[in-house]
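J.: Let me begin by handing over the structure; questions about it come next.
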Protein chains: 10
Amino acid sequence: MKREDLTEKILDIKREKNLTWARIAETIGGHSPILITAALLGQMKLTKPQCAKAAELFGLTENEAKMLNEPPYRGSIPALPPTDPLIYRFYELVMVYGTTFKELIQEEFGDGIMSAIDFEMTMERQPNPKGDRVRLGMSGKFLPYKYYGNDETVPDYGFGNP
Amino acid sequence: MKREDLTEKILDIKREKNLTWARIAETIGGHSPILITAALLGQMKLTKPQCAKAAELFGLTENEAKMLNEPPYRGSIPALPPTDPLIYRFYELVMVYGTTFKELIQEEFGDGIMSAIDFEMTMERQPNPKGDRVRLGMSGKFLPYKYYGNDETVPDYGFGNP
Amino acid sequence: MKREDLTEKILDIKREKNLTWARIAETIGGHSPILITAALLGQMKLTKPQCAKAAELFGLTENEAKMLNEPPYRGSIPALPPTDPLIYRFYELVMVYGTTFKELIQEEFGDGIMSAIDFEMTMERQPNPKGDRVRLGMSGKFLPYKYYGNDETVPDYGFGNP
Amino acid sequence: MKREDLTEKILDIKREKNLTWARIAETIGGHSPILITAALLGQMKLTKPQCAKAAELFGLTENEAKMLNEPPYRGSIPALPPTDPLIYRFYELVMVYGTTFKELIQEEFGDGIMSAIDFEMTMERQPNPKGDRVRLGMSGKFLPYKYYGNDETVPDYGFGNP
Amino acid sequence: MKREDLTEKILDIKREKNLTWARIAETIGGHSPILITAALLGQMKLTKPQCAKAAELFGLTENEAKMLNEPPYRGSIPALPPTDPLIYRFYELVMVYGTTFKELIQEEFGDGIMSAIDFEMTMERQPNPKGDRVRLGMSGKFLPYKYYGNDETVPDYGFGNP
Amino acid sequence: MKREDLTEKILDIKREKNLTWARIAETIGGHSPILITAALLGQMKLTKPQCAKAAELFGLTENEAKMLNEPPYRGSIPALPPTDPLIYRFYELVMVYGTTFKELIQEEFGDGIMSAIDFEMTMERQPNPKGDRVRLGMSGKFLPYKYYGNDETVPDYGFGNP
Amino acid sequence: MKREDLTEKILDIKREKNLTWARIAETIGGHSPILITAALLGQMKLTKPQCAKAAELFGLTENEAKMLNEPPYRGSIPALPPTDPLIYRFYELVMVYGTTFKELIQEEFGDGIMSAIDFEMTMERQPNPKGDRVRLGMSGKFLPYKYYGNDETVPDYGFGNP
Amino acid sequence: MKREDLTEKILDIKREKNLTWARIAETIGGHSPILITAALLGQMKLTKPQCAKAAELFGLTENEAKMLNEPPYRGSIPALPPTDPLIYRFYELVMVYGTTFKELIQEEFGDGIMSAIDFEMTMERQPNPKGDRVRLGMSGKFLPYKYYGNDETVPDYGFGNP
Amino acid sequence: MKREDLTEKILDIKREKNLTWARIAETIGGHSPILITAALLGQMKLTKPQCAKAAELFGLTENEAKMLNEPPYRGSIPALPPTDPLIYRFYELVMVYGTTFKELIQEEFGDGIMSAIDFEMTMERQPNPKGDRVRLGMSGKFLPYKYYGNDETVPDYGFGNP
Amino acid sequence: MKREDLTEKILDIKREKNLTWARIAETIGGHSPILITAALLGQMKLTKPQCAKAAELFGLTENEAKMLNEPPYRGSIPALPPTDPLIYRFYELVMVYGTTFKELIQEEFGDGIMSAIDFEMTMERQPNPKGDRVRLGMSGKFLPYKYYGNDETVPDYGFGNP
């Protein structure tokens, strides 16, 4: 069984039962809808209790439920650059603003990166008379590059060599 | 003269004069620091008055100042996927969360995209005892796909054919 | 079930029943034949009433009909650059005229793009004694880049940090 | 001398003299502004009289003027897919509508292609209260695939073999 | 049903029945053996009467026969550059002589291309005491680039805009 | 000035003065030789005092010294996969052991990654009668994926929308 | 039967039986857990006695057990660069530190490489109050490039030519 | 000096002196115009007497003339697939007819290839009332794969090993 | 039936029957073990009598045996560059020594290539006290580039044009 | 100074002085002509005495001579797959015979590789009445994969962590 087959099965049942992600996230609970959607699309894991609820909702086998509890091999886009226009726009933002992000984050924080692991995100509708807007909030921990000294201790790698 | 040569010149002078992007954005004014940084990195344009201030600050020739007023051929990353770890993390977010963005935006808004053109962004430091965080706010207009009818009018392309 | 399998099924039945796209678009109605063809090829969605008509015409299951109502993961070309000569010619036009489009649109409209979302298209035969011609009309909304100010308000991303 | 160096020189002088493409096309005359812009961007050729006018307008050397009279090695996009958002949107249209173009052109015309060589194009502003639109008209000769018979004549390639 | 599955089926039956392409082309008739082989390999279409003969020869279903009458999505090489040495040699000729073709065709004919659509080909054995040779004859219509004027007529794209 | 030109200059002077990396790292001091070598090869930054020492050692201009104090656009390999056999072997380890790393780190630590930012490394000679060995020690902080809740607070991105 | 199908089967049974790699490695024994995990993921081979134990543990057929005893076609990553963040971080280390490895290994050992074949590895948890760390130890034999002389002996390749 | 710089120089002088390839080939003589054009474009070599004539015609230095006598590093296309429409059409022929060439050549000749080395080519104008045609004649020696026996003789590679 | 499925079947049976390539080559006979192994891996063809023996040894159907008698679409490596370390080393030799091969073969033989078609190879164990060596002998016919004259004869391609 | 500039300089002088590789290798001495040619093409290093001779022969500066004594960043082919036919044929051998090499080397030697580092090569002319042949002899040490045990000793990486 491959994770993408499980994802396809979940999407089939979602369609069949007329479920929405909002409704699914509410039923499974415990995490943000973004995380739960991402997990069911094969990009994050669910906790065991969440897996049990997902199994009930989608009629999954025990092994399928266990698979939802495993960290997946991540990467949701069939090909890069993404061919889908909605997803491509995010890719375009990276292409256009990537060096700007680098300059401004480093000026403010020093040498390091914004974590994509210790990272949270929100997404919501922003009403606007000229046309509603998609509002994304992202917050990632700043991780400074570790600049370590030259410790003279001779490492012992335990391989049993002289 | 190529835009990347102008970018390189600006970075040389920024280094020489010990300028910061915050200071530069304040001097040029009128737009968000993100936009002004992006423009000087060759990804956005400045207005004519901003170009004049930039020319003064960086000692640019008249033709260089004019170039800053032109929409550039966008694309700031030397190669994709980006080799720089800070920029790569944003690319990784697209790879991991791309399909989640698609599902949730479409569930909320219908068939369409979040504009990367009618788009605003903020970036700031979020103090946190466990390590400060980078906070990004993004807001893009939702653009619904146009589903148009089958207008029977015969178009006239003006090429002078019978 | 994957969208490409549904597309393949639709093409099989089209062949079996000796249908034409013109005839199919007339039966399903409501949108331009271009949109309806694109939807059945997995690039656009149909409305629910259109899905019902498509289901009847092609003998689709309920879940297949629902799938036609979902925005697809777009991207119709098996590989880029396209290997099919008819499709390649369009790709060639982008390669040859891409920078010309950029210069002329920006000279006329300023910094921005022609939308591929708020976009209409017509295609028809243009009789010509030297050999008939394919006539394409395209109309996309011009979207100016948003050049926003530096709003001092401190955003609140609602993550509950201090 | 490379054609891209000549293109860069022309853009430098256009900037210096505050020229517009509209003005340049009017001065050089004889062809559509699209063709003249494309030629100066290194994608088409000019006639000898047009080259003379271009040489005068841009202060070109005799050899540079001659180069404008040669068919260039075409391909205007620095990298594919295009990183510039304006140009990318056209590429996206090919990705999304490519198979639709193929089905509809072939249903109407039979097996063949729309020529990208015997091809005309117009581009103009379409006023619209909701936001002006970019209007593109394209007209390419339909070229049917030649399905030839099995001529029994033994070809003679003239290489002097027995 | 995909065209490549039909190609695979045809090759299986060809093997089973000990057919040769020469024999197949003779049976189906009407076109050059090159065209008929290409069609059965999924690169060209057959006429309806040819499809009927092919269906009889290979024991095809009615839908399979209809598929042979459709213009295929062309592109016969699993990957480019081709890994098969025989096919690679042709690719190598393009790499080595491509710019020579361009210079000489343009010197003789002006700006344009040799059509790959209005195109004929022959292939045969050329006896030679030092080792027989493969003789290829190609003939493609020269298509001059259309250099069109700037017609002032305002096109009417029929979209019903003001 | 580009960082790679500075790297090339440093390598030229290193060669001219018969310097070794060991000697250079000792002179500049403060960090591990790995870090200092990486910084001079354009992959890490030096502190200001280290820059001063480097400037003296290599005879750098003030602006070159400042550049060494900036976080570089990282990515040291001219092309990927690396063509140099020594570097390729490390790439090969990732290809062969990548999924093993994933399984074992996740079994031990849960869902997350080993940081390449909060990361230390040692490299040394391991004498061995059958041929000396290269000994590498790596230590990276484990970063668990943040699984955050669904905070109901409405974020305020400060864009001034209603 | 393909090796990746066997890997998938092993992962299915591991999930079903709630096995851990630690437990599996202990049961199969004889090699480091890294090697055993890599072998079951299709990157290394097991000895015949290990195969017998693996066959018992996972309920493999005789042919499947034999396959585990064959050197596999190595390469565990679905696509390069790796899309999974955990694995990507190792790839990033190669990109950033590759040239540093080259300079320092060659300075210490001369012209040659660190073997990825005569190579050992350990991986373990390193407790740390600021967050535990992943500790990797690698040890590869240094292989000097063979600089051979110009032996005048005429080789005899045994092809029977004069 | 690189061969492409020499090619560029030759094209500059050809333009300056208003030379044609036909005229150049006639002056240099001895080989087909295709070969001479290809040599001057950096894809073939000239003989020493031809180099002398080329040197006189183009005013080349002695070292430049010698370079024309060396077999070049072949490959004339800046990028593959070719972006220039004229050259792309040849590439398209390989994509569409590649497998047909393979089937028909092998049916006629057995397992082997058509040589791209022992290869001749002609190109000429074929007058035609519907539009003149480009006529290409190609003739390459058929090279059968060598299926050799298992000669038991022990080869002696002359490395002096026991 | 695809050739790769046949290869997979042959490997399954080889495993099941505990065959070795040495034993297989001896049974099938007539060619070098390298050729026979390559043929069974889908890279060369067998003669009809060899196919009969292979069919008996592996229990192949008549159509499978016929397929072994056909020249395959060559290319044995799943992806290039090869991910398997053993095969990669050969690729590395091409990358490192490719230009050396070119210089030395051309200095000795003139402009041309070493044939990969009229080509023989041996492989064997070379005992050595420091570790046995793999000994490869290769012998390929030198093929000089054909430099042909400019034959004035007008070729007749037999297309029936005036 | 980059190694490729040095290679270009050496080739310029070789041309100017009418040197041959055979003559150069004889003058520099000490190693096989293959190694010396490879070193001067930027793929291997020379010893210091060899560098002195090369410096004299080619009139190199002291720093250039030192550069020849450094292990280069290897990889001699401008792009892969190689566009030059002579070099491509070697690449083709890897594509066609790669899996055969793998099967036969592993059957004879067990799991491991043929070293491309502890590797020797000869190349020579093999006279043959049907056309002379290029004879290559290769000999690489077989390196078995190290299958190591699970040593319980806790490694000490010397980073000073608790």
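Note: Cβ is positioned from N, Cα and C throughout, glycine not excepted.
As annotated by TrEMBL, domain 'Cyanate lyase C-terminal' applies to G:76-148. Taken from TrEMBL, the feature active site applies to G:Arg89, G:Glu92, G:Ser115.
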J.: Measure from the CA atom of G:Glu92 (active site) to the CA atom of G:Ser115 (active site) and give the result in Å, rounded to a whole number.
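T.: Rounded to the nearest whole number, the Cα-Cα distance is 20 Å.
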J.: How many of the residues that make up the domain 'Cyanate lyase C-terminal' (G:76-148) does DSSP mark as helix, as strand and as coil?
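T.: Taking each residue of the domain 'Cyanate lyase C-terminal' (G:76-148) in turn, the totals are 25 helix, 27 strand, 21 coil.
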J.: Going by Cβ pairs closer than 8 Å, show me which of the active-site residues G:Arg89, G:Glu92, G:Ser115 neighbour chain B.
T.: G:Glu92
J.: Once the chains shown are all counted, how many other Cβ atoms turn up within 10 Å of the Cβ of G:Arg89 (active site)?
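T.: Cβ-Cβ neighbours of G:Arg89 (active site) within 10 Å number 24.
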J.: Given the model, what does the mean pLDDT over the domain 'Cyanate lyase C-terminal' (G:76-148) come out as?
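T.: In the predicted model, the domain 'Cyanate lyase C-terminal' (G:76-148) has a mean pLDDT of 96.
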J.: For a quick check of packing: other C-beta atoms within 10 Å of the C-beta of G:Glu92 (active site), how many?
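T.: Counting Cβ neighbours of G:Glu92 (active site) within 10 Å gives 23.
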